[in-house]
Amino acid sequence: MTLISDVENLADAEIPDTAHQISTDSWFQVGFVLTTGINSAYVLGYSGTIMVPLGWAGGVVGLILATAISLYANALIARLHEYGGTRHIRYRDLAGFIYGRKAYSLTWALQYVNLFMINAGYIILAGSALKAAYVLFREDDGMKLPYCIAIAGFVCAMFAICIPHLSALGIWLGFSTVFSLVYIVIAFVLSINDGIKSPPGDYSIPGTSTSKIFTTIGASANLVFAYNTGMLPEIQATIRQPVVKNMMKALYFQFTVGVLPLYLVTFAGYWAYGSSTATYLMSDVNGPVWAKAMANIAAFLQSVIALHIFASPMYEYLDTKYGIKGSALAFKNLSFRVLVRGGYLTVNTFVSALLPFLGDFMSLTGAISTFPLTFILANHMYLVTNENKLTSTQKLWHWINICFFALMSAAAAIAALRLIDLDSKTYHVFADL
């Protein structure tokens, strides 16, 4: 197939009205936006949420397959960015252009749920990292997880107020990369050191036969969650012309160089601690207090930056709807961001503190929104828009993908809801995990 080849540069494609910047960023900056999402502090949970339920064979093969499948699916979406002579700078715009108004609304609902839950997960991560740093120095029970989540939410709101749009991240992407390397390198080194000193680990998949089925399905949702943003058109909107060619460069960067740190820390953590690996790797590692504190603080700060990426579609929607343009420091614009973004993140923070179950968030998000947005919708949109150009074999291939991922989405949603039900019986709301 010729899916990854470049398409004609439509420099004169119509650009919808938006309050945010369009076509200002290099493919390299966009590549770092994508890798910031992949190598966020979520990577510190993949040893426990992916490798433990799947084991060595399933985990390694699953991560590699998910990398290839995610690159393929994202390439499909990237190639449709200028379909029909229009720049589709929002995922919902693309779906609405192809299918109609109902698809626009459904896609926006799925995307909103996806991004809201990802943001909640980042706030939980930031709060967990903050608490992990606190308990390194204090043995009292004064700083509970809900308090740490509240602090994390406040810092995220301050950052959102200061950064008007996605392209304005600029140098913060460099800081994000440094923060990522700090906690990945420390977690990797300390895990390897623990693994060398410990007896051979137990890598058996825990649970009964029934529970293994559900945890395996849930882990498959975590696999696709690890690589996909659910907002590729919004990110692609920031890239310079030619947008498809440059986006493909960014995607290649994401799925080659960008995935290596994820592999390293995920495999090292599971190798060191086996089936007892925690859902937050820094809870397991042994080593100097200063190193663990540095890793946790870096994870906290990187989560604040990464959350801004996944909240940007909501910010763009609100800024455009209410005409927030011009200087970011203008009183109207600044006060709008304080009230609206602060209010949005207040709600997000409340939900995060209410239900701080990180693994549940990852599984349910992957099931109900990442699967449909990234795989089902991408394959069907490409099939519809290129129906006259595809051979029978190619059409069959896309229909197989659509049906397979639809089944996986339904199964993963059931597994995630079962996990939430079990956790709700074990933990109370505002739990101090």
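Glycine is treated like the rest: Cβ placed from N, Cα and C.
Sequence annotations record features per position, and here TrEMBL assigns domain 'Amino acid transporter transmembrane' to 24-415. Per TrEMBL, the feature transmembrane segment maps to 26-44, 56-77, 112-133, 145-166, 172-192, 250-273, 293-318, 338-358, 364-384, 396-420.
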Stretch among 26-44, 112-133, 145-166, 293-318, 364-384 sharing the most Cβ pairs under 8 Å with the transmembrane segment (338-358): 145-166
Seg_contact(the transmembrane segment (250-273), the transmembrane segment (112-133)) with at least 3 CB pairs under 8 angstroms, min sep 6: no
Which of 26-44, 56-77, 172-192, 364-384, 396-420 contacts the transmembrane segment (293-318) most, counting Cβ pairs under 8 Å: 172-192
Chain residues outside the transmembrane segment (56-77) and at least six past its termini with a C-beta under 8 angstroms from it: 3-4, 50, 91, 94, 203, 216, 219-220, 223-224, 226-228, 232-233, 248, 251-252, 254-255, 259, 262-263, 266-267, 270, 374-375, 378-379, 381-382
